[in-house]
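What TrEMBL says about this protein:
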| type | residues | note |
| --- | --- | --- |
| BINDING | C:R47 | NADP(+) binding site |
| BINDING | C:R124, C:S125, C:S126, C:N240, C:A241, C:G285, C:K300, C:P301, C:V302, C:A303, C:T304, C:R326 | FMN binding site |
Protein chains: 4
Amino acid sequence: MSNTFGSLFRITTFGESHGAGIGVVIDGCPAGVAVDAARIQAALDRRRPGQSDLTTPRKEADTVHIQSGLFEGLTTGTPISLFIPNADQRSDDYSHIAHAYRASHADYTYDVKYGRRDYRGGGRSSARETAARVAAGAVAMQLLAHFGVEIVAYVSAVGEVEVPLDYQELDLSLIDSNPVRCPHPETAARMEARIREAQAARDTVGGVITGVARRVPAGLGEPVFDKLPAVLGHALLSINAVKGFEFGSGFAGTKLPGSVHNDEFYTDETGAVRTRTNHSGGSQGGISNGQDIYFRVAFKPVATLLQPQQTINDQGEAVTLVGRGRHDACVLPRAVPIVEAMTQLVLADLLLRARANKL
Amino acid sequence: MSNTFGSLFRITTFGESHGAGIGVVIDGCPAGVAVDAARIQAALDRRRPGQSDLTTPRKEADTVHIQSGLFEGLTTGTPISLFIPNADQRSDDYSHIAHAYRASHADYTYDVKYGRRDYRGGGRSSARETAARVAAGAVAMQLLAHFGVEIVAYVSAVGEVEVPLDYQELDLSLIDSNPVRCPHPETAARMEARIREAQAARDTVGGVITGVARRVPAGLGEPVFDKLPAVLGHALLSINAVKGFEFGSGFAGTKLPGSVHNDEFYTDETGAVRTRTNHSGGSQGGISNGQDIYFRVAFKPVATLLQPQQTINDQGEAVTLVGRGRHDACVLPRAVPIVEAMTQLVLADLLLRARANKL
Amino acid sequence: MSNTFGSLFRITTFGESHGAGIGVVIDGCPAGVAVDAARIQAALDRRRPGQSDLTTPRKEADTVHIQSGLFEGLTTGTPISLFIPNADQRSDDYSHIAHAYRASHADYTYDVKYGRRDYRGGGRSSARETAARVAAGAVAMQLLAHFGVEIVAYVSAVGEVEVPLDYQELDLSLIDSNPVRCPHPETAARMEARIREAQAARDTVGGVITGVARRVPAGLGEPVFDKLPAVLGHALLSINAVKGFEFGSGFAGTKLPGSVHNDEFYTDETGAVRTRTNHSGGSQGGISNGQDIYFRVAFKPVATLLQPQQTINDQGEAVTLVGRGRHDACVLPRAVPIVEAMTQLVLADLLLRARANKL
Amino acid sequence: MSNTFGSLFRITTFGESHGAGIGVVIDGCPAGVAVDAARIQAALDRRRPGQSDLTTPRKEADTVHIQSGLFEGLTTGTPISLFIPNADQRSDDYSHIAHAYRASHADYTYDVKYGRRDYRGGGRSSARETAARVAAGAVAMQLLAHFGVEIVAYVSAVGEVEVPLDYQELDLSLIDSNPVRCPHPETAARMEARIREAQAARDTVGGVITGVARRVPAGLGEPVFDKLPAVLGHALLSINAVKGFEFGSGFAGTKLPGSVHNDEFYTDETGAVRTRTNHSGGSQGGISNGQDIYFRVAFKPVATLLQPQQTINDQGEAVTLVGRGRHDACVLPRAVPIVEAMTQLVLADLLLRARANKL
């Protein structure tokens with residue numbers, strides 16, 4: 001098990017879907033950061049179930065409790081512990097999967113790896129664990145705010161429905177103007193229809209989230225193994241259901257000739273070093289160059305279906321399972337704050353690490 | 001700087017393009033592994049420049065020296081140090097970039113981060129550093145061989161030229177039958193032509209490498225942050241020029257409905273647990289499930305062009321640079337052993353880590 | 001801040017003396033360990049204040065809550081979170097030290113390091129943090145029990161009052177037969193008198209704790225930097241008030257000639273490898289050799305005195321402070337379970353790490 | 001195996017006594033430090049065998065080669081690799097221990113742990129490995145010099161012969177005025193006699209080294225687990241033959257009442273915060289307070305004796321062994337630079353880590 005992420009700004013998460021709660025310990029946040037609990041709660045509210053009829057109707061309050069690390073509203077340099085009690089537990093919902101392996105879930109692999117598992121609601125493998133990440137990310141965000149860094153994410157594709165524009169061409173203030181969290185209203189409407197279609201078919205749908213980090217100081221990223229995109233990719237690929245990560249020009253960039261792909265440097269009117277294009281996605285040699293960092297994250301369709309599926313039980317016998325209870329047909333809207341949180345955690349960590357580079 | 005990768009099978013690389021050499025220390029390889037130096041050398045030979053007229057004509061012998069950790073042909077559990085002297089140094093080739101920032105290179109970001117850089121051949125940011133990774137990967141490979149794990153990679157796209165088949169439909173024994181390292185001969189010929197076209201235009205071209213790991217035992221991967229795809233993505237995104245990583249169904253899988261994407265479990269005639277499809281790419285909940293692990297890695301086109309480009313110097317003044325010397329128009333063929341090496345290192349590490357899971 | 005200890009069996013503690021509580025997350029405990037909450041509580045009860053009139057009269061219930069990681073009484077391989085609410089907080093007791101630096105306390109150094117501190121009861125620097133270590137140690141103990149390892153500690157000196165015998169000559173079952181936790185009854189009585197003398201003088205007294213680990217398998221310890229005594233020393237020197245650590249023959253052994261100090265090997269009647277003496281303290285080359293591991297830990301006298309002391313405030317002005325409230329005149333009896341816990345944590349970690357040594 | 005030490009200033013050592021050589025990779029040294037190879041060589045010269053007839057007559061040149069990380073005399077922020085070839089290898093000297101276990105050596109424990117060992121000269125367990133630490137320490141020293149930190153160590157006891165004064169009462173410039181490295185000339189003469197007596201008796205003798213770090217800035221040390229004395233103790237207890245570590249008042253301090261032991265704060269004429277006594281040894285709450293850091297390290301007598309000793313072989317049969325070749329009767333004089341080096345490495349690391357404490 002590896003439930004710790006980060007080097008100098010480091011989080012350790014714990015908790016299962018149907019245990020006492022979900023929590024996180026943040027170690028390494030510098031002293032002197034003003035942390036507003038309301039901003040942590042606001043981040044959690046964007047992730048919680050039951051926000052709209054597009055998402056699972058489970059109503060989880062997801063109230064955060066700050067248990068340590070703050071004194072008179074400021075961080076003290078000691079560990080910050082956040083705890084989110086599990087309010088809405090219904091363990092009896094899960095007896096049908098105590099001995100059966102849901103398709104494309106972690107039931108089988110946890111059993112092989114550990115010899116046992118807490119099967120209630122997926123236990124530790126449940127995406128409920130990401131609530132802890134979102135809470136921790138909201139602390140990282142308040143640290144990053146001191147340095148002017150701003151991070152935002154949005155849904156850029158639901159199934160085959162894609163936003164037709166690049167992030168620079170969008171008004172990102174519109175992200176939360178619709179339940180899909182897509183800043184392109186016409187596409188948002190089509191995405192919403194696509195999700196309702198999946199709901200109606202008792203099926204699910206995946207998609208893509210685009211993330212952008214602006215005003216990131218040049219110099220973040222630790223070659224050769226902890227290059228900025230490598231650590232960011234690690235963070236995002238550790239989110240449940242993520243199948244791919246690309247930054248800057250990504251897979252599409254492999255089709256451009258070098259003469260087009262290269263980002264020409266110039267000095268702007270303020271004397272700042274800039275690039276005329278940004279295929280690099282704000283990172284060169286694994287180190288931020290001061291331009292926007294942007295990336296795309298692929299989410300597979302949700303594995304829990306409200307229709308029968310063939311599978312086996314832990315005796316190897318064929319069985320039929322039907323998903324019960326309250327599940328999202330599409331996780332993308334609720335995954336937006338998770339993508340933001342992991343990006344916040346990575347940049348906070350790299351920012352602290354960069355302090356050791358020069359004499 | 002973070003020049004160490006891995007947790008229990010851990011490597012630390014060092015060295016610059018034009019210093020004394022490139023090296024790696026492997027810590028944590030279990031005792032009792034038979035290590036054949038010839039297999040390390042063979043891996044390096046697949047990465048070295050000058051293999052064919054498709055790659056840079058630099059002739060680097062890249063001879064590996066084993067400096068510690070072996071006794072009578074077997075590992076002893078102590079650190080294995082490998083050193084590859086730099087044979088073909090021509091420092092005078094690089095005076096033109098001592099004070100100028102090459103487009104889409106790491107010159108600028110290293111200067112910002114560290115206040116100085118060894119500009120000769122890119123110094124530490126040169127892809128020459130990956131020779132150390134390939135050497136270490138060849139040790140990991142010899143450890144993995146004891147467990148039957150087999151890892152292979154090939155070029156699946158050069159620019160817009162793509163292999164039209166999935167890896168299961170290809171004869172992977174053909175990978176080294178052509179200088180492009182593509183196991184589909186007709187496509188290989190088109191790729192070769194595409195690279196020569198770039199050479200003729202004094203331009204460069206990117207592409208995609210597909211990797212496959214077979215016979216990986218179920219149970220590897222450490223949730224929640226060191227899930228198998230997350231660690232693998234970290235490793236591959238740390239390779240020079242990589243812009244994207246996807247595993248299993250990847251970005252394409254976001255367009256499938258859940259009812260199609262889910263991998264149904266069944267028990268095969270031998271009693272083994274299998275899945276009928278493998279959109280999961282051999283990992284569920286971040287843990288290997290015994291099916292093939294497969295993934296794709298995007299490489300941007302080489303940034304060094306043998307044609308003039310506009311940029312700036314370290315005074316912020318506009319200058320024109322032309323790449324000098326001997327450079328690949330396409331790194332994909334030589335990157336195949338690097339992708340294999342990073343995959344070997346990740347799986348060796350996760351294999352050792354998995355030993356601590358159960359009582 | 002570094003609130004994480006251990007490599008594969010890893011703990012992260014959090015919490016302050018007068019915040020919501022003290023907690024710990026244990027990551028890496030293998031699945032399948034039966035964990036009895038009563039044994040955790042029993043360990044905490046040996047550490048808590050108010051056990052006898054020899055220790056502080058504060059009555060802290062120190063009730064442990066298990067928040068994650070167990071299912072049906074067994075560990076699942078996921079993080080185990082333990083929380084101990086702070087029951088008896090009286091923040092108003094501490095206003096006098098909000099701006100003054102107590103002698104030989106951490107007030108000044110925390111202020112220098114972090115620019116601020118939670119001064120209530122010492123905040124994070126309070127020995128109350130060790131409650132979390134004791135709780136985690138009790139989980140490690142239950143893992144070690146599967147391997148037959150047994151760890152015990154006792155008070156071997158209070159001030160100048162010392163046990164006149166070696167640990168092999170004592171009946172260690174008597175440790176808890178008296179409030180001092182010294183297994184030599186006559187010395188225990190003298191120690192008790194010495195502590196009461198300090199109480200009467202409104203002064204404090206230090207001492208030494210001896211620890212012993214028996215039936216430790218040979219092969220634990222990771223040269224060259226994580227040798228068993230080095231990691232154990234790190235763990236014990238991280239306890240509040242500890243000023244020294246020696247194992248085996250320790251400082252006294254420096255006065256023996258090599259011909260006397262060397263531990264001759266022999267094969268006993270069962271065919272087991274033994275040593276005739278054990279000056280090595282069970283570790284050779286940093287690796288356990290199957291003999292008893294034993295060591296001594298020095299604790300300075302408690303810094304909080306119930307008598308006036310000269311010091312300065314955070315403006316650099318001279319002030320007089322008198323300790324208020326309820327404080328131990330001697331922490332040794334309550335430190336016994338802390339020494340045991342740190343030893344348990346180290347051996348659990350080294351035991352898991354040793355699994356990766358051989359093929 | 002754990003051959004890496006340090007968090008931000010991190011070293012990885014490799015090499016065996018009779019392999020190609022001994023080396024170290026330093027990762028994390030900030031860019032811009034002027035590193036003088038002559039100072040590294042000078043440190044090695046203080047550690048090497050054959051310095052005087054008090055030490056082993058082996059003549060090892062121990063010439064350091066800098067293989068990476070420097071450019072034009074300054075560090076670049078990339079890994080610094082140092083290699084010391086093994087010049088004087090005589091493998092045939094060691095056939096007698098290929099299958100026998102020397103008393104109080106690591107032969108037996110390496111065999112148990114790894115199933116095999118390089119028995120030539122002790123292989124990896126040889127104190128020759130510390131040459132790499134000394135070389136790395138000399139780089140750390142050059143970093144620390146920028147911050148004014150000064151570290152020095154000396155032999156304070158050889159067997160029962162002890163320096164009768166505290167470090168403050170000695171003229172530490174005399175340390176290298178005699179081959180014993182004791183700054184108290186009369187005691188040095190008695191120590192020298194004591195070592196010659198051991199040589200004559202074909203026996204060995206241990207002792208104590210005292211270390212002092214001056215002008216260490218306040219604020220170094222990372223509670224709660226990486227307190228300054230805990231990390232320092234870890235480092236020093238990882239040196240071959242070390243059996244104990246105490247700092248400040250140490251074991252003797254356990255006998256003082258708290259009213260005497262406490263270090264009263266005052267403001268000196270320059271406005272600096274000072275303490276009137278320094279029983280704390282420069283660390284309070286695990287964080288440096290700006291006063292001198294001082295400590296003592298116990299070394300057991302050398303285990304290799306030039307007289308017959310009973311032991312067993314790897315079949316469990318009784319055998320007699322006599323040490324062959326060239327061995328020190330007392331390692332203390334040559335261990336002085338090793339103690340200094342480990343202290344330098346620890347303080348360099350804590351200094352870099354402290355940069356992340358405040359906003």
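FYI, residue positions are counted from 1 along the chain as it appears here.
Here the Cβ of each residue, glycine as well, is placed from N, Cα and C on the backbone.
Features per TrEMBL, on structure.
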{"residue": "C:R47", "record": "NADP(+) binding site", "DSSP (3 states)": "helix"}
{"residue": "C:R124", "record": "FMN binding site", "DSSP (3 states)": "helix"}
{"residue": "C:A241", "record": "FMN binding site", "DSSP (3 states)": "coil"}
{"residue": "C:K300", "record": "FMN binding site", "DSSP (3 states)": "coil"}
Q: Provide, as an integer number of angstrom, the distance between the C-alpha atoms of C:S126 (FMN binding site) and C:R47 (NADP(+) binding site).
A: 14
Q) Cα-Cα separation of C:T304 (FMN binding site) and C:R47 (NADP(+) binding site), in Å? A) 18
(Q) Within 10 Å of its Cβ, which one of these binding-site residues (C:S126, C:T304) has the largest number of other Cβ atoms? (A) C:T304
Q) Among the binding-site residues listed here, C:A241, C:V302, whose Cβ has the fewest other Cβ atoms inside 10 Å? A) C:A241
Q: Give me the largest Cα to Cα distance among C:R124, C:S125, C:S126, C:N240, C:A241, C:G285, C:K300, C:P301, C:V302, C:A303, C:T304, C:R326, the residues the record lists as binding FMN, in Å as a whole number.
A: 45
Q) Around C:R124 (FMN binding site), how many other CB atoms lie within 10 A of its CB? A) 30
Q: Would you list the binding-site residues among C:R47, C:S126, C:A241 that come within less than 8 Å, Cβ to Cβ, of chain D, in the order they occur in the sequence, writing 'none' if nothing qualifies?
A: none
**Q.** Chain A neighbours, restricted to the binding-site residues C:R47, C:R124, C:S126, C:A241, C:K300, C:T304, by C-beta under 8 angstroms
**A.** C:R124
Q: Enter the number of other CB atoms within 10 angstroms of the CB of C:K300 (FMN binding site).
A: 27
Q) So for C:R47 (NADP(+) binding site), how many other CB atoms are inside 10 Å of its CB? A) 26
Q: In whole Å, note down how far the CA of C:A241 (FMN binding site) lies from the CA of C:R47 (NADP(+) binding site).
A: 15
